[in-house]
Amino acid sequence: MHIDDTVAAISTAPGEGGIGIVRLSGENSLDILNKIFVSIKNKDTSDFSTFTMRYGHIIDPSNNEVIDEVIVSFMKAPHTYTKEDVVEINCHGGVVPVKRILEAVLKCGARLAEPGEFTKRAFLNGRIDLSQAEAVIDMIRAKTDSSMNEALKHLEGKLSNKLKAIKDRLVDMMSHVEALIEFPDDDIEELMYGQIENDCLEISKSLEDLIVSSDTGKILREGLNTVIIGKPNVGKSSLLNALLEENRSIVTDIPGTTRDVILEYLNIKGIPINIMDTAGIRNTEDEVEKIGVQRTLEYFNKADLIILMLDYSSELSSEDEEIFNLLGNKNAIVLINKVDLDRKLNISKVKEFVNEKRIINLSVKTGEGLENLKDEIYAMVYKGEVKYQSDVLVTNIRHKDLLIKSRTSLMEAVNTLSRQMPLDLVSIDLKQCVEYIGEITGENVHEDIINRIFSQFCIGK
Ligand SMILES: Nc1nc2c(c(=O)[nH]1)N(C=O)[C@@H](CNc1ccc(C(=O)N[C@@H](CCC(=O)O)C(=O)O)cc1)CN2
Ligand SMILES: Nc1nc2c(ncn2[C@@H]2O[C@H](COP(=O)(O)OP(=O)(O)OP(=O)(O)O)[C@@H](O)[C@H]2O)c(=O)[nH]1
Ligand SMILES: [Mg+2]
(Lines of atoms letter the chains of each structure in order from A and count residues from 1; the text may use other names and numbers.)
(Lines give C-alpha, C1' and ligand atoms only; values in the text may rest on other atoms or scores of the structure.)
(Ligands and ions follow the chains in the order given, each with its own letter.)
Protein backbone atom coordinates (compact mmCIF):
# COMPACT_ATOMS: atom_id res chain seq x y z
CA MET A 1 0.00 0.00 0.00
CA HIS A 2 1.26 3.46 -0.83
CA ILE A 3 0.00 6.54 1.00
CA ASP A 4 0.54 9.53 -1.24
CA ASP A 5 -0.94 12.53 0.53
CA THR A 6 0.90 14.69 3.03
CA VAL A 7 -0.78 15.39 6.33
CA ALA A 8 -0.22 18.05 8.95
CA ALA A 9 -1.40 18.81 12.47
CA ILE A 10 -0.52 20.69 15.62
CA SER A 11 1.33 18.11 17.71
CA THR A 12 1.66 20.01 20.97
CA ALA A 13 -1.14 20.39 23.52
CA PRO A 14 -3.44 23.36 22.96
CA GLY A 15 -2.79 26.37 25.16
CA GLU A 16 0.18 28.47 26.20
CA GLY A 17 3.57 26.81 26.28
CA GLY A 18 7.22 27.37 25.62
CA ILE A 19 7.19 25.87 22.15
CA GLY A 20 4.49 24.71 19.75
CA ILE A 21 5.04 22.10 17.05
CA VAL A 22 3.31 21.70 13.70
CA ARG A 23 4.19 18.34 12.23
CA LEU A 24 3.99 17.21 8.60
CA SER A 25 4.33 13.73 7.21
CA GLY A 26 4.32 12.57 3.61
CA GLU A 27 6.31 12.88 0.44
CA ASN A 28 5.51 16.58 -0.12
CA SER A 29 6.55 17.68 3.36
CA LEU A 30 9.76 19.31 2.24
CA ASP A 31 8.21 20.98 -0.83
CA ILE A 32 5.48 22.43 1.35
CA LEU A 33 8.02 23.68 3.84
CA ASN A 34 10.01 25.29 1.05
CA LYS A 35 6.98 27.42 0.09
CA ILE A 36 6.66 29.01 3.52
CA PHE A 37 10.09 28.85 5.15
CA VAL A 38 12.95 31.29 4.66
CA SER A 39 16.23 30.79 6.40
CA ILE A 40 18.51 33.67 7.24
CA LYS A 41 21.26 32.17 5.12
CA ASN A 42 18.77 31.99 2.25
CA LYS A 43 19.31 28.30 1.75
CA ASP A 44 16.45 26.36 0.22
CA THR A 45 15.42 23.01 1.62
CA SER A 46 16.81 20.81 -1.17
CA ASP A 47 20.02 20.03 0.72
CA PHE A 48 18.37 19.66 4.14
CA SER A 49 20.09 16.65 5.76
CA THR A 50 18.04 14.19 7.73
CA PHE A 51 17.78 14.68 11.50
CA THR A 52 19.04 18.25 11.37
CA MET A 53 17.42 21.55 12.25
CA ARG A 54 17.40 25.00 10.69
CA TYR A 55 16.59 28.45 11.98
CA GLY A 56 14.40 30.87 10.03
CA HIS A 57 10.93 32.37 9.56
CA ILE A 58 7.58 31.11 8.39
CA ILE A 59 5.98 33.40 5.82
CA ASP A 60 2.26 33.62 5.14
CA PRO A 61 2.02 32.49 1.47
CA SER A 62 -0.98 34.76 0.76
CA ASN A 63 0.69 38.07 1.69
CA ASN A 64 4.36 37.23 2.31
CA GLU A 65 4.18 38.53 5.87
CA VAL A 66 6.24 36.87 8.55
CA ILE A 67 4.12 34.67 10.82
CA ASP A 68 6.74 33.55 13.32
CA GLU A 69 10.39 32.93 14.05
CA VAL A 70 10.97 29.17 14.04
CA ILE A 71 13.31 26.21 14.08
CA VAL A 72 12.42 23.45 11.64
CA SER A 73 13.61 19.89 11.64
CA PHE A 74 13.62 17.38 8.85
CA MET A 75 13.65 13.59 9.01
CA LYS A 76 14.01 11.72 5.78
CA ALA A 77 12.03 8.59 4.93
CA PRO A 78 12.16 5.75 5.75
CA HIS A 79 13.93 6.22 9.08
CA THR A 80 11.29 8.40 10.73
CA TYR A 81 8.30 8.11 13.05
CA THR A 82 5.91 7.41 10.16
CA LYS A 83 8.50 5.95 7.74
CA GLU A 84 7.61 8.94 5.50
CA ASP A 85 9.38 12.28 5.18
CA VAL A 86 8.63 14.23 8.35
CA VAL A 87 9.02 17.96 8.93
CA GLU A 88 8.48 19.58 12.30
CA ILE A 89 8.06 23.32 12.66
CA ASN A 90 8.93 24.51 16.16
CA CYS A 91 7.33 27.88 16.72
CA HIS A 92 6.54 29.98 19.76
CA GLY A 93 4.10 28.24 22.07
CA GLY A 94 0.63 29.74 22.17
CA VAL A 95 -2.58 29.15 20.33
CA VAL A 96 -2.09 31.71 17.54
CA PRO A 97 1.35 30.86 16.03
CA VAL A 98 0.62 27.12 15.70
CA LYS A 99 -2.81 27.79 14.26
CA ARG A 100 -1.51 30.27 11.66
CA ILE A 101 1.38 28.03 10.66
CA LEU A 102 -0.99 25.08 10.32
CA GLU A 103 -3.22 27.21 8.06
CA ALA A 104 -0.23 28.15 5.92
CA VAL A 105 0.80 24.52 5.57
CA LEU A 106 -2.72 23.49 4.60
CA LYS A 107 -2.86 26.26 2.00
CA CYS A 108 0.30 24.86 0.45
CA GLY A 109 -1.20 21.44 -0.11
CA ALA A 110 -1.13 19.44 3.11
CA ARG A 111 -4.29 17.80 4.38
CA LEU A 112 -5.30 18.09 8.04
CA ALA A 113 -4.30 14.85 9.77
CA GLU A 114 -6.98 12.77 11.42
CA PRO A 115 -6.59 11.97 15.13
CA GLY A 116 -3.77 9.45 15.49
CA GLU A 117 -2.93 9.54 11.81
CA PHE A 118 0.84 9.87 12.27
CA THR A 119 0.86 6.76 14.44
CA LYS A 120 -1.58 5.05 12.09
CA ARG A 121 0.90 5.67 9.27
CA ALA A 122 3.69 4.25 11.41
CA PHE A 123 1.53 1.13 11.68
CA LEU A 124 0.38 0.99 8.04
CA ASN A 125 3.94 1.55 6.84
CA GLY A 126 5.13 -1.29 9.05
CA ARG A 127 7.36 0.46 11.59
CA ILE A 128 5.24 -0.75 14.52
CA ASP A 129 2.49 -3.32 14.91
CA LEU A 130 -1.02 -2.60 16.15
CA SER A 131 -0.32 -3.48 19.78
CA GLN A 132 2.62 -1.06 19.76
CA ALA A 133 0.44 1.67 18.25
CA GLU A 134 -2.09 1.06 21.01
CA ALA A 135 0.74 1.48 23.52
CA VAL A 136 1.39 4.98 22.18
CA ILE A 137 -2.00 6.13 23.40
CA ASP A 138 -1.54 4.28 26.69
CA MET A 139 1.70 6.20 27.11
CA ILE A 140 -0.07 9.53 26.66
CA ARG A 141 -2.86 8.57 29.03
CA ALA A 142 -0.68 6.98 31.73
CA LYS A 143 -1.26 8.55 35.14
CA THR A 144 1.52 6.81 37.10
CA ASP A 145 5.12 5.70 36.55
CA SER A 146 4.15 2.02 36.61
CA SER A 147 1.47 2.54 33.98
CA MET A 148 3.89 4.47 31.83
CA ASN A 149 6.65 1.89 32.19
CA GLU A 150 4.26 -0.84 31.14
CA ALA A 151 3.16 1.18 28.09
CA LEU A 152 6.80 1.78 27.16
CA LYS A 153 7.53 -1.96 27.30
CA HIS A 154 4.64 -2.54 24.90
CA LEU A 155 5.78 0.31 22.68
CA GLU A 156 9.25 -1.21 22.48
CA GLY A 157 7.76 -4.49 21.37
CA LYS A 158 8.00 -6.71 24.46
CA LEU A 159 4.49 -8.06 23.94
CA SER A 160 4.82 -8.11 20.15
CA ASN A 161 7.98 -10.21 20.41
CA LYS A 162 6.30 -12.70 22.71
CA LEU A 163 3.36 -13.00 20.37
CA LYS A 164 5.67 -13.35 17.41
CA ALA A 165 7.51 -16.23 19.10
CA ILE A 166 4.20 -17.96 19.81
CA LYS A 167 3.03 -17.40 16.28
CA ASP A 168 6.27 -18.76 14.80
CA ARG A 169 5.87 -21.94 16.81
CA LEU A 170 2.28 -22.34 15.68
CA VAL A 171 3.19 -21.81 12.05
CA ASP A 172 5.94 -24.38 12.42
CA MET A 173 3.50 -26.90 13.85
CA MET A 174 1.02 -26.15 11.11
CA SER A 175 3.56 -26.99 8.44
CA HIS A 176 4.27 -30.32 10.16
CA VAL A 177 0.58 -31.07 10.30
CA GLU A 178 0.10 -30.07 6.66
CA ALA A 179 2.98 -32.30 5.63
CA LEU A 180 1.45 -35.21 7.44
CA ILE A 181 -1.93 -34.58 5.83
CA GLU A 182 -0.31 -34.52 2.41
CA PHE A 183 2.02 -37.47 2.93
CA PRO A 184 0.38 -39.74 5.49
CA ASP A 185 2.86 -42.00 7.24
CA ASP A 186 1.38 -44.49 9.69
CA ASP A 187 4.72 -45.15 11.36
CA ILE A 188 5.20 -41.64 12.62
CA GLU A 189 1.58 -40.54 12.81
CA GLU A 190 1.03 -41.71 16.38
CA LEU A 191 4.28 -40.14 17.47
CA MET A 192 3.28 -36.89 15.81
CA TYR A 193 -0.11 -36.77 17.52
CA GLY A 194 1.61 -36.88 20.90
CA GLN A 195 4.24 -34.35 19.89
CA ILE A 196 1.73 -31.85 18.51
CA GLU A 197 -0.49 -32.24 21.54
CA ASN A 198 2.47 -31.48 23.79
CA ASP A 199 3.38 -28.40 21.80
CA CYS A 200 -0.21 -27.18 21.95
CA LEU A 201 -0.26 -27.55 25.72
CA GLU A 202 3.01 -25.68 26.09
CA ILE A 203 1.82 -22.79 23.94
CA SER A 204 -1.46 -22.78 25.78
CA LYS A 205 0.50 -22.32 29.01
CA SER A 206 2.27 -19.23 27.58
CA LEU A 207 -1.09 -17.82 26.50
CA GLU A 208 -2.51 -18.56 29.93
CA ASP A 209 0.35 -16.66 31.63
CA LEU A 210 -0.42 -13.63 29.49
CA ILE A 211 -4.15 -13.89 30.17
CA VAL A 212 -3.58 -14.10 33.93
CA SER A 213 -1.32 -11.03 33.82
CA SER A 214 -4.22 -8.98 32.48
CA ASP A 215 -5.85 -8.78 35.92
CA THR A 216 -3.02 -6.51 36.98
CA GLY A 217 -2.40 -5.09 33.52
CA LYS A 218 -5.92 -3.77 33.05
CA ILE A 219 -5.64 -1.87 36.33
CA LEU A 220 -2.36 -0.26 35.26
CA ARG A 221 -3.94 0.87 32.01
CA GLU A 222 -7.42 1.87 33.15
CA GLY A 223 -7.03 2.46 36.87
CA LEU A 224 -8.55 0.58 39.80
CA ASN A 225 -12.18 1.65 40.21
CA THR A 226 -12.45 2.13 43.93
CA VAL A 227 -15.63 3.20 45.69
CA ILE A 228 -15.75 4.39 49.29
CA ILE A 229 -19.06 3.48 50.88
CA GLY A 230 -20.52 3.56 54.36
CA LYS A 231 -23.37 5.03 56.33
CA PRO A 232 -23.47 8.83 56.68
CA ASN A 233 -20.83 10.62 58.75
CA VAL A 234 -18.30 7.77 59.08
CA GLY A 235 -15.60 9.87 57.38
CA LYS A 236 -15.73 8.86 53.70
CA SER A 237 -15.15 12.37 52.37
CA SER A 238 -12.45 12.93 54.98
CA LEU A 239 -10.65 9.82 53.66
CA LEU A 240 -10.85 11.02 50.06
CA ASN A 241 -9.40 14.38 51.08
CA ALA A 242 -6.63 12.74 53.11
CA LEU A 243 -5.62 10.49 50.22
CA LEU A 244 -5.66 13.41 47.78
CA GLU A 245 -3.98 15.69 50.29
CA GLU A 246 -6.45 18.43 49.42
CA ASN A 247 -9.91 19.57 50.46
CA ARG A 248 -11.80 18.17 47.51
CA SER A 249 -14.99 16.90 49.17
CA ILE A 250 -17.08 18.85 51.63
CA VAL A 251 -16.68 17.49 55.17
CA THR A 252 -19.08 18.38 57.98
CA ASP A 253 -20.40 16.63 61.07
CA ILE A 254 -23.88 16.68 59.52
CA PRO A 255 -24.84 13.20 58.27
CA GLY A 256 -25.82 13.31 54.60
CA THR A 257 -23.28 15.94 53.57
CA THR A 258 -22.17 14.29 50.33
CA ARG A 259 -25.03 14.08 47.82
CA ASP A 260 -23.30 13.09 44.59
CA VAL A 261 -20.50 10.76 43.54
CA ILE A 262 -17.17 12.57 43.47
CA LEU A 263 -14.52 11.04 41.20
CA GLU A 264 -10.83 11.76 41.62
CA TYR A 265 -7.53 10.24 40.48
CA LEU A 266 -4.88 8.97 42.85
CA ASN A 267 -1.49 7.37 42.56
CA ILE A 268 -0.96 4.76 45.24
CA LYS A 269 2.53 3.29 44.96
CA GLY A 270 2.37 3.54 41.19
CA ILE A 271 -1.13 2.10 40.86
CA PRO A 272 -3.58 4.49 39.21
CA ILE A 273 -6.74 4.66 41.27
CA ASN A 274 -10.06 6.10 40.15
CA ILE A 275 -11.48 6.83 43.56
CA MET A 276 -15.09 7.71 44.24
CA ASP A 277 -16.51 9.33 47.34
CA THR A 278 -20.21 8.62 47.64
CA ALA A 279 -23.31 9.69 49.51
CA GLY A 280 -23.68 7.84 52.81
CA ILE A 281 -26.10 4.94 52.47
CA ARG A 282 -29.28 5.27 54.53
CA ASN A 283 -33.03 5.34 54.11
CA THR A 284 -34.00 8.92 53.63
CA GLU A 285 -37.01 10.99 52.66
CA ASP A 286 -34.86 13.76 51.17
CA GLU A 287 -35.31 13.66 47.38
CA VAL A 288 -31.76 14.81 46.55
CA GLU A 289 -30.15 12.46 49.02
CA LYS A 290 -32.26 9.57 47.72
CA ILE A 291 -30.85 10.07 44.23
CA GLY A 292 -27.37 10.27 45.74
CA VAL A 293 -27.84 6.93 47.50
CA GLN A 294 -29.13 5.45 44.25
CA ARG A 295 -25.96 6.62 42.48
CA THR A 296 -23.80 5.19 45.23
CA LEU A 297 -25.36 1.79 44.58
CA GLU A 298 -24.79 2.08 40.82
CA TYR A 299 -21.09 2.81 41.30
CA PHE A 300 -20.90 0.10 43.93
CA ASN A 301 -21.94 -2.45 41.34
CA LYS A 302 -19.26 -1.37 38.85
CA ALA A 303 -16.37 -1.15 41.35
CA ASP A 304 -13.18 -3.23 41.26
CA LEU A 305 -12.63 -2.50 44.95
CA ILE A 306 -14.97 -1.38 47.71
CA ILE A 307 -13.67 0.50 50.71
CA LEU A 308 -16.35 -0.02 53.33
CA MET A 309 -16.08 2.44 56.18
CA LEU A 310 -17.32 1.97 59.71
CA ASP A 311 -17.22 4.30 62.70
CA TYR A 312 -15.19 3.05 65.67
CA SER A 313 -16.94 5.55 67.95
CA SER A 314 -20.51 4.50 67.23
CA GLU A 315 -22.43 1.29 67.60
CA LEU A 316 -23.05 -0.98 64.67
CA SER A 317 -26.35 0.13 63.14
CA SER A 318 -28.89 -1.42 60.84
CA GLU A 319 -27.45 0.76 58.06
CA ASP A 320 -24.03 -0.84 58.51
CA GLU A 321 -25.61 -4.28 58.43
CA GLU A 322 -27.47 -3.47 55.24
CA ILE A 323 -24.19 -2.52 53.60
CA PHE A 324 -22.56 -5.75 54.81
CA ASN A 325 -25.34 -7.64 53.09
CA LEU A 326 -24.64 -5.85 49.83
CA LEU A 327 -20.99 -6.87 49.81
CA GLY A 328 -21.35 -10.51 48.80
CA ASN A 329 -18.12 -11.65 47.22
CA LYS A 330 -17.06 -8.17 46.10
CA ASN A 331 -13.42 -7.31 46.50
CA ALA A 332 -13.49 -5.19 49.65
CA ILE A 333 -11.45 -3.69 52.45
CA VAL A 334 -13.23 -2.82 55.69
CA LEU A 335 -11.94 0.36 57.29
CA ILE A 336 -12.75 1.13 60.88
CA ASN A 337 -12.35 4.90 61.12
CA LYS A 338 -12.08 7.30 64.05
CA VAL A 339 -9.96 5.02 66.25
CA ASP A 340 -8.73 8.21 67.95
CA LEU A 341 -12.11 8.32 69.73
CA ASP A 342 -13.52 5.96 72.37
CA ARG A 343 -14.73 2.66 71.08
CA LYS A 344 -18.42 1.88 70.85
CA LEU A 345 -18.19 -0.45 67.87
CA ASN A 346 -18.54 -4.16 68.54
CA ILE A 347 -15.57 -5.44 66.54
CA SER A 348 -16.25 -9.14 66.98
CA LYS A 349 -19.69 -8.55 65.56
CA VAL A 350 -18.13 -6.82 62.54
CA LYS A 351 -15.92 -9.85 62.06
CA GLU A 352 -18.93 -12.12 62.03
CA PHE A 353 -20.30 -10.20 59.05
CA VAL A 354 -17.11 -9.86 57.07
CA ASN A 355 -14.97 -12.74 58.27
CA GLU A 356 -13.02 -13.16 55.06
CA LYS A 357 -12.40 -9.48 54.29
CA ARG A 358 -9.37 -7.54 55.39
CA ILE A 359 -10.10 -5.14 58.29
CA ILE A 360 -7.91 -2.08 58.88
CA ASN A 361 -8.12 0.33 61.81
CA LEU A 362 -7.70 3.94 60.88
CA SER A 363 -8.00 7.48 61.99
CA VAL A 364 -8.24 9.92 59.14
CA LYS A 365 -7.86 12.64 61.72
CA THR A 366 -4.42 11.51 62.98
CA GLY A 367 -3.34 9.69 59.82
CA GLU A 368 -2.88 6.41 61.69
CA GLY A 369 -3.54 3.41 59.45
CA LEU A 370 -3.45 5.32 56.17
CA GLU A 371 -0.19 3.62 55.12
CA ASN A 372 -1.65 0.21 55.94
CA LEU A 373 -4.52 0.96 53.60
CA LYS A 374 -2.11 1.87 50.78
CA ASP A 375 -0.02 -1.27 51.39
CA GLU A 376 -3.13 -3.41 51.28
CA ILE A 377 -4.32 -1.93 47.98
CA TYR A 378 -0.87 -2.48 46.47
CA ALA A 379 -0.76 -6.08 47.67
CA MET A 380 -4.23 -6.75 46.27
CA VAL A 381 -3.31 -5.48 42.83
CA TYR A 382 -0.01 -7.28 42.57
CA LYS A 383 -1.28 -10.26 44.58
CA GLY A 384 2.18 -10.42 46.11
CA GLU A 385 3.57 -11.97 42.96
CA VAL A 386 6.82 -10.38 41.87
CA LYS A 387 6.87 -12.17 38.54
CA TYR A 388 4.66 -9.48 37.01
CA GLN A 389 7.14 -6.76 37.74
CA SER A 390 9.84 -7.86 35.35
CA ASP A 391 7.75 -9.46 32.68
CA VAL A 392 5.31 -7.88 30.30
CA LEU A 393 1.66 -7.55 31.32
CA VAL A 394 -1.35 -7.65 29.06
CA THR A 395 -3.00 -4.31 29.76
CA ASN A 396 -5.56 -4.08 27.01
CA ILE A 397 -8.94 -5.85 27.14
CA ARG A 398 -8.98 -6.22 23.38
CA HIS A 399 -5.75 -8.20 23.62
CA LYS A 400 -7.00 -10.27 26.53
CA ASP A 401 -10.18 -11.26 24.69
CA LEU A 402 -8.19 -12.35 21.65
CA LEU A 403 -5.73 -14.32 23.79
CA ILE A 404 -8.64 -16.16 25.37
CA LYS A 405 -10.03 -16.95 21.93
CA SER A 406 -6.69 -18.17 20.65
CA ARG A 407 -6.23 -20.39 23.69
CA THR A 408 -9.71 -21.83 23.17
CA SER A 409 -8.81 -22.75 19.57
CA LEU A 410 -5.64 -24.37 20.80
CA MET A 411 -7.53 -26.44 23.35
CA GLU A 412 -9.88 -27.51 20.59
CA ALA A 413 -6.85 -28.76 18.69
CA VAL A 414 -5.76 -30.71 21.77
CA ASN A 415 -9.21 -32.17 22.09
CA THR A 416 -9.23 -33.23 18.43
CA LEU A 417 -5.82 -34.81 18.79
CA SER A 418 -6.66 -36.73 21.94
CA ARG A 419 -9.70 -38.20 20.23
CA GLN A 420 -7.48 -39.23 17.30
CA MET A 421 -9.67 -37.29 14.89
CA PRO A 422 -8.42 -36.31 11.42
CA LEU A 423 -5.49 -33.90 11.25
CA ASP A 424 -7.41 -31.61 8.89
CA LEU A 425 -9.45 -30.52 11.88
CA VAL A 426 -6.31 -29.84 13.92
CA SER A 427 -5.00 -27.72 11.10
CA ILE A 428 -8.17 -25.61 11.13
CA ASP A 429 -7.91 -25.00 14.88
CA LEU A 430 -4.26 -24.00 14.67
CA LYS A 431 -4.99 -21.64 11.82
CA GLN A 432 -7.76 -20.03 13.85
CA CYS A 433 -5.40 -19.63 16.79
CA VAL A 434 -2.80 -17.86 14.62
CA GLU A 435 -5.49 -15.58 13.22
CA TYR A 436 -6.55 -14.39 16.66
CA ILE A 437 -2.96 -13.56 17.52
CA GLY A 438 -2.68 -11.72 14.22
CA GLU A 439 -5.65 -9.59 15.26
CA ILE A 440 -3.67 -8.38 18.27
CA THR A 441 -0.65 -7.42 16.20
CA GLY A 442 -2.82 -6.09 13.39
CA GLU A 443 -1.59 -8.46 10.66
CA ASN A 444 -5.14 -9.51 9.97
CA VAL A 445 -7.64 -7.24 11.55
CA HIS A 446 -10.72 -5.58 10.17
CA GLU A 447 -10.35 -1.98 9.04
CA ASP A 448 -13.22 -0.92 11.31
CA ILE A 449 -11.26 -2.04 14.34
CA ILE A 450 -8.15 -0.20 13.18
CA ASN A 451 -10.19 2.96 12.65
CA ARG A 452 -11.84 2.61 16.03
CA ILE A 453 -8.47 2.28 17.75
CA PHE A 454 -6.92 5.33 16.07
CA SER A 455 -10.02 7.46 16.54
CA GLN A 456 -9.28 7.41 20.28
CA PHE A 457 -6.00 9.22 19.70
CA CYS A 458 -5.48 12.92 20.01
CA ILE A 459 -4.87 15.12 16.98
CA GLY A 460 -1.21 15.44 16.04
CA LYS A 461 -0.17 12.02 17.42
N1 LIG B 1 10.04 16.18 18.13
C2 LIG B 1 9.54 14.99 18.34
N3 LIG B 1 9.65 14.42 19.54
C4 LIG B 1 9.11 13.19 19.78
C5 LIG B 1 8.43 12.49 18.77
C6 LIG B 1 8.32 13.11 17.49
O7 LIG B 1 7.73 12.57 16.55
N8 LIG B 1 8.89 14.35 17.33
N9 LIG B 1 7.88 11.24 19.06
C10 LIG B 1 6.80 10.73 18.40
O11 LIG B 1 5.69 10.85 18.78
C12 LIG B 1 8.35 10.49 20.21
C13 LIG B 1 9.62 9.77 19.85
N14 LIG B 1 9.32 8.68 18.99
C15 LIG B 1 9.94 8.47 17.80
C16 LIG B 1 10.01 7.18 17.33
C17 LIG B 1 10.72 6.90 16.19
C18 LIG B 1 11.34 7.93 15.49
C19 LIG B 1 12.17 7.62 14.30
O20 LIG B 1 12.53 8.51 13.55
N21 LIG B 1 12.58 6.37 14.12
C22 LIG B 1 13.48 5.91 13.09
C23 LIG B 1 14.90 5.79 13.60
C24 LIG B 1 15.61 7.05 13.69
C25 LIG B 1 17.11 6.86 13.87
O26 LIG B 1 17.50 5.99 14.66
O27 LIG B 1 17.85 7.56 13.23
C28 LIG B 1 13.13 4.52 12.66
O29 LIG B 1 12.56 3.77 13.46
O30 LIG B 1 13.45 4.19 11.53
C31 LIG B 1 11.21 9.24 15.94
C32 LIG B 1 10.52 9.51 17.09
C33 LIG B 1 8.56 11.42 21.36
N34 LIG B 1 9.26 12.64 20.99
N1 LIG C 1 -12.42 12.14 65.52
C2 LIG C 1 -12.45 11.88 64.23
N3 LIG C 1 -13.34 12.50 63.45
C4 LIG C 1 -13.34 12.21 62.13
C5 LIG C 1 -12.43 11.29 61.57
N6 LIG C 1 -12.69 11.21 60.26
C7 LIG C 1 -13.72 12.06 59.99
N8 LIG C 1 -14.11 12.66 61.13
C9 LIG C 1 -15.21 13.63 61.29
O10 LIG C 1 -16.43 12.98 60.99
C11 LIG C 1 -17.37 13.91 60.43
C12 LIG C 1 -17.95 13.35 59.14
O13 LIG C 1 -16.94 13.29 58.18
P14 LIG C 1 -17.23 13.19 56.63
O15 LIG C 1 -15.92 12.92 55.98
O16 LIG C 1 -18.02 14.35 56.17
O17 LIG C 1 -18.15 11.90 56.61
P18 LIG C 1 -18.89 11.21 55.36
O19 LIG C 1 -18.83 9.76 55.59
O20 LIG C 1 -18.37 11.73 54.11
O21 LIG C 1 -20.38 11.69 55.57
P22 LIG C 1 -21.57 11.82 54.50
O23 LIG C 1 -21.05 12.58 53.32
O24 LIG C 1 -22.59 12.57 55.22
O25 LIG C 1 -22.01 10.46 54.15
C26 LIG C 1 -16.60 15.20 60.24
O27 LIG C 1 -16.92 16.06 61.32
C28 LIG C 1 -15.15 14.76 60.29
O29 LIG C 1 -14.29 15.79 60.73
C30 LIG C 1 -11.48 10.65 62.44
O31 LIG C 1 -10.65 9.83 62.05
N32 LIG C 1 -11.55 10.98 63.75
MG1 LIG D 1 -19.20 12.75 52.57
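All positions are counted from 1 along the displayed chain.
Note that Cβ sites are derived from N, Cα and C of the backbone, with glycine treated the same way.
Listed features, source TrEMBL:
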BINDING   ARG23, GLU88, ARG127, LYS461  (6S)-5-formyl-5,6,7,8-tetrahydrofolate binding site
DOMAIN    223-382  domain 'TrmE-type G'
BINDING   233-238, 252-258, 277-280  GTP binding site
BINDING   ASN233, THR252, ILE254, THR257  K(+) binding site
BINDING   SER237, THR258  Mg(2+) binding site
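Structure with TrEMBL features highlighted.
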residue : record                                              : Cβ contacts under 8 Å, 6 or more apart
ARG23   : (6S)-5-formyl-5,6,7,8-tetrahydrofolate binding site : ALA8, ALA9, ILE10, SER11, VAL86, VAL87, GLU88, ILE89, PHE118, GLY460
ARG127  : (6S)-5-formyl-5,6,7,8-tetrahydrofolate binding site : TYR81, THR82, LYS83
ASN233  : GTP binding site                                    : ASP253, ILE254, PRO255, GLY256, THR257, GLY280, ASP311
LYS236  : GTP binding site                                    : ILE228, ILE229, GLY230, THR258, ASP277, THR278, GLY280, MET309
SER237  : Mg(2+) binding site                                 : SER249, ILE250, VAL251, THR257, THR258, ILE262, ASP277
THR252  : GTP binding site                                    : none
LYS461  : (6S)-5-formyl-5,6,7,8-tetrahydrofolate binding site : SER11, PRO115, GLY116, PHE118, THR119, VAL136, ILE137, ILE140
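The K(+) site, placed at the center of the C-beta atoms of ASN233, THR252, ILE254, THR257, has further neighbours from the same chain whose C-beta lies within 8 angstroms: PRO232, VAL251, ASP253, PRO255, GLY256. Working note on the binding-site residues THR257, THR258: by count of other C-beta atoms within 10 Å of each C-beta, THR258 ranks first. Taking a C-beta cut-off of under 8 Å and a sequence gap of six or more, ALA279 (GTP binding site) has these contacts in its own chain: PRO232, GLY256, THR258, ARG259, ASP260, VAL261, GLU289, GLY292, VAL293, ARG295, THR296. Checking the binding-site residues ARG23, LYS236, THR258 against ligand 2, the ones whose Cβ sits under 6 Å from it are LYS236, THR258. Within the group of binding-site residues (GLU88, ILE254, PRO255), the Cβ with the highest number of other Cβ atoms inside 10 Å belongs to GLU88. Mean pLDDT of the predicted structure over the domain 'TrmE-type G' (223-382): 94. With a cut-off of 6 Å between Cβ and the nearest atom of ligand 3, the binding-site residues ARG127, SER237, PRO255, THR257, ALA279 reduce to SER237, THR257.
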